[in-house]
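Visitor: Once you've had a glance at the structure underneath, I'll fire off some questions.
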């Protein structure tokens, strides 16, 4: 867009603002801003002054603390000439009060004449008139008759001074100090909320404003969401060419809600819209509107829209919209801070004209909890779904994130994209960066394909723990466990293909069997669910056949297999007795009888037992192949799909059985590609209480654990 055309568009929106703007009585732009009051400096100065006042009220006389018995001995030795009772203590002086007064007058005269400094005067006075104070507390002198008798016998001056009653020090000063401390605490709280030097600016919005000349993001920087970009093209075109729509009487959507899983690029897409249109970009999070004070969120909404109107054309982007846009139904309070903020947002979205050039974009990954009033036409007119990228989208995303990475000729981004189904843009960016870091760690100047493979595994399961000490017996169990998974995956009509087998510990896992599902699958058959159960139970079956016992390593496999069987019966209506019936909720919310629950439990147990028996028969039939492959992986620790099938196809019975299975299910035939990379499907995880036993198929979602052997 040329500069002249851009200026013309801005003139259009400026003219619209001028027509709708009301005169305001605010200060003129030429007026110098008033100096800000620095509360911190004021508080420090106040404390210093109070400390000086308190210090000046203290006596400059120094005392020597002595026990009461020593005090009496000094009276007998006539070292004390006068005694005072003050504040529960006994003070004795080597001079009488008259002598001390005469000395004070003489010292002041010396200071005035300049013959003696004030510091020297204090030193001389302390030497000439030494004071003693009893370290033993007494309430009154009358409680020690012996002391009073000594004072009377030696004819000492006695003075009883009542307790100090300095009203300022005892009453006012503590209140002032407490007030200053509280003021400092409030000041710190206001500063954290407002973010500025003014202690009362918490009503201002906290949005980050990006000028149009600073926006470098365009649609070329966004990949993997072509449909979402197409939905936003009209918004960009309106901001570039507003007259094309206003002349015909059309109105552009006031707002668009970007919906999708985390990491799919919703924020990046919003920045790209602003960058393509060349307008100012306001970015805020939903949590930025909410504070501890009621009304702050509503004030920030008003301030945000006022600033946006002044800078129109512009785009307001609110991330994590669910933080302030939750539904107001079933709330305990009808006057809380979040509801006031939402009400103000609804009013503001109704209050601006579509011709002002103000567009609202928001993002959320929980659209189901948003208030219906927020989603109605006239506010968020469009809901743009930003879903996980497909194979083509992942390859485009990898090209963007690797354009500045030096790679050798072995890197094939199509292979990497094919091996990362289910990963979103943020995941792929992390994989590309981890691959570069691994190349640097290895001392290479270019990234290889192996670096990407390692980065994918690290992203999914954690760092490989090659130095972990594993008992030979447990390593053998892991090997047979994983090979059992692989054999059943090769012989079962499942929608995912084998990619790699490893017994290298990663994270909490002792090994894993990796697979990759078919691209574009939206539905699954009951046959495929049964095959998935067989694959999950094959690890334990291999353990029982070889070692004649079972281990806890299959705990997660059993959980997932049980979840699939339960979902088949309760969610998908795939049981013999209750075909096409949905049961759904369990526990107190269930809407079926106890006898039906007993049938569900019995049916789940029957399915799992039948499939486990079938798995044992298959593995027993191919026991020699199971042993051969397990011994091989014990040597290499890792088997690729090519290495696995090179040994697998040497067994005529296994090869024939696999060919028959593929002929019976031709839709499962793998597409002929050059892909040799890894999938992110079969991941082994430990058994924890947090793992849900209710798994809704399809299980091959490439992010959650599927099968494998735990350490």
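Cβ atoms here come from the backbone N, Cα and C positions, even for glycine.
Because TrEMBL annotations are produced automatically, they should be read as predictions rather than curated entries.
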Visitor: Of the residues 408, 409, 557, 571, only one is listed by TrEMBL in the Zn(2+) site with 481, 485. Which is it?
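Guide: Zn(2+) site check in TrEMBL: besides 481, 485, the record includes 557 out of 408, 409, 557, 571.
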Visitor: Looking at 15-36, 37-58, I want to know which stretch TrEMBL calls transmembrane segment.
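Guide: Of 15-36, 37-58, TrEMBL gives transmembrane segment for 37-58.
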Visitor: DSSP helix, strand and coil counts for the domain 'AAA+ ATPase' (252-390)?
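Guide: Taking each residue of the domain 'AAA+ ATPase' (252-390) in turn, the totals are 59 helix, 30 strand, 50 coil.
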Visitor: Looking at Cβ-Cβ distances, which residues of the chain lie under 8 angstroms from residue 261 (ATP binding site) while being 6 or more apart from it?
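Guide: Non-local contacts for residue 261 (ATP binding site): 365, 387, 388, 424.
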Visitor: CA-CA, which of the recorded positions 481, 482, 485, 557 lies nearest residue 263 (ATP binding site)?
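Guide: So, spelling it out, the nearest of the recorded positions is 557.
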Visitor: How many neighbouring Cβ atoms, not counting its own, are there within 10 Å of the Cβ of residue 266 (ATP binding site)?
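Guide: Excluding its own Cβ, the number within 10 Å is 26.
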Visitor: If you measure from the Cα of residue 264 (ATP binding site), which of the recorded positions 481, 482, 485, 557 is the nearest?
Guide: 557
Visitor: Across the domain 'AAA+ ATPase' (252-390), what does the mean pLDDT come to, as a whole number?
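Guide: Summarising the domain 'AAA+ ATPase' (252-390) by its mean pLDDT gives 83.
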